[in-house]
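Novice: Here you go, one structure.
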């Protein structure tokens, strides 16, 4: 069959500022009502106990002053959760719980007393972590019980200096990072120390909800360990690849050494030095590679900007994230949406760090990169101008998770400037490991309602928008909707309406205000009269001016024009379940992943327009076995996604995205590679709509089960890049490179 119009491939190139159309406010649907709770402060009250004494903390009671607080937490001061009594200058009973007699012995020998079962007498119970902090308390004085009987400390901490500070610092450094678990009622880490006191800088404890506490406990106690690699920055290698002019993006070489967050933090605590990242220094190259910021930049730590910085404040939400002077609203949208779902948020922002416990000016964030998770370590020096954060920040001026996350993301890709121009889908994939696709609601799939209902069951995330009026920014319509504004779809139900059963969608304006849909099924509309109160209660229905509303599927299709879906793969859902106990309500995607490369004069054959070289591209056989369950048409759903690797990392080296796409052929009984003659005689069964210079191109199809061959390619021959092919389906899948 000769080439015809249907098989002519189109190339589309877009500018970075065109990426920002549909903001992916789509993370609110998996668990709409977060598992909340007041949230325990990690080590809440410890810092104040150090300076003010009194009860509270993990232990009970206990005198005032620096020593009293320590003794009270660790094992002194009249008993408590983690040990009782003791902790005074002369030693004393109590303690018990955690077997760390080695450190307890060191402290007790210096302090001259038993301190919670140490010092050989072991009165009132064996050794424990109470020995560590209780012993520190007895060194400085005061403490609950013993000679001082809860009566306050001997030494004012403001007068500590010289050798005494060194002794205390060494003891605390020796105890650093011996985390033993998390108190489930308070969220406090058992065994952490007040790094903000050691360093003389820092701030307040984190505030975690129930999911955050569970994840933190699993991390600290070792019940679950994530498969994550230290981040190593890639760079172009002129000696590898296809030998073309300029640097090659193939097999980029490592340009930095791996950094272990926990080892580096312990070193800083032992040396009593704040971390300074040698790999992402406070210099111009970390800010930009082509254009200097217009304002004078000063790098400051959060404790130098505000008095009591916090990493995470209670009730963290999408309203907290505010864009600064960098063109990365696509990242802002994804970061804001992480807050809608704690089990996703704490995958990226590990809760085992704060401005209090073991604070040493070092933080880490975890991102998905091309099939694996990487841990990015940073120091907390942030770019400011006139004492204010220059880029992304929180509405609350003492909350810093968003600013630090942006810095880690900038380090991931080389500089802050490298974050200019992108899609929310790109950032959302980096923060979930999911696969994102776009749906044109002007030309929707025939089974869209069924696809959405199944997607909710499988944990997919949905967002939608209306085309913007080029002359009016976020133009308000008479029906209450806003053009050019992003909405998240957070629920889907079938209810009894005036005309029988109706599918309705729960939709949210991510900025949460009174600007809501005012048509059928809107707040307090007459359609709700047909819905029993028990169903309304089960739906958690409330009519507030909070930006959330319901509308029928038909009205949704009449009014909205674009939809974005982020599908969470089986590895993501499995990890969420292991770390939080939250299990997907329905089916889970089956997924296969393959890596490959387009190399000049070898495997970079270009699209099918270049029929003479098209067969040179990498080819992958995909066997689809099962039709979709509960469907009568015996077709199966499959999503193909081709992602080019490292291009944003190499942007400052002049290697930006190239137009990419894919074509899929029905191979029949063939088990080998397809040749030029096959492609000349056969049309593709599926293909990407166009070749676009985006990081990833996706396509969803419903086809008969069978044997298919996927051919990912660049638009033109001899364009080099590494890529990853992902295939998602609802049934069993086999795939291999040919």
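Placed from the backbone N, Cα and C atoms, the Cβ positions cover glycine too.
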Novice: Identify the region 'Disordered' range according to TrEMBL, selecting from 227-257, 258-288, 289-319.
Specialist: 227-257
Novice: Three states by DSSP: which one describes residue 509 (active site)?
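Specialist: DSSP call for residue 509 (active site): coil, neither helix nor strand.
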Novice: 10 Å Cβ neighbour count around residue 509 (active site)?
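Specialist: Its Cβ has 22 other Cβ atoms within 10 Å.
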Novice: Taking all residues of the domain 'Calpain catalytic' (274-569) together, what is their mean pLDDT?
Specialist: 81
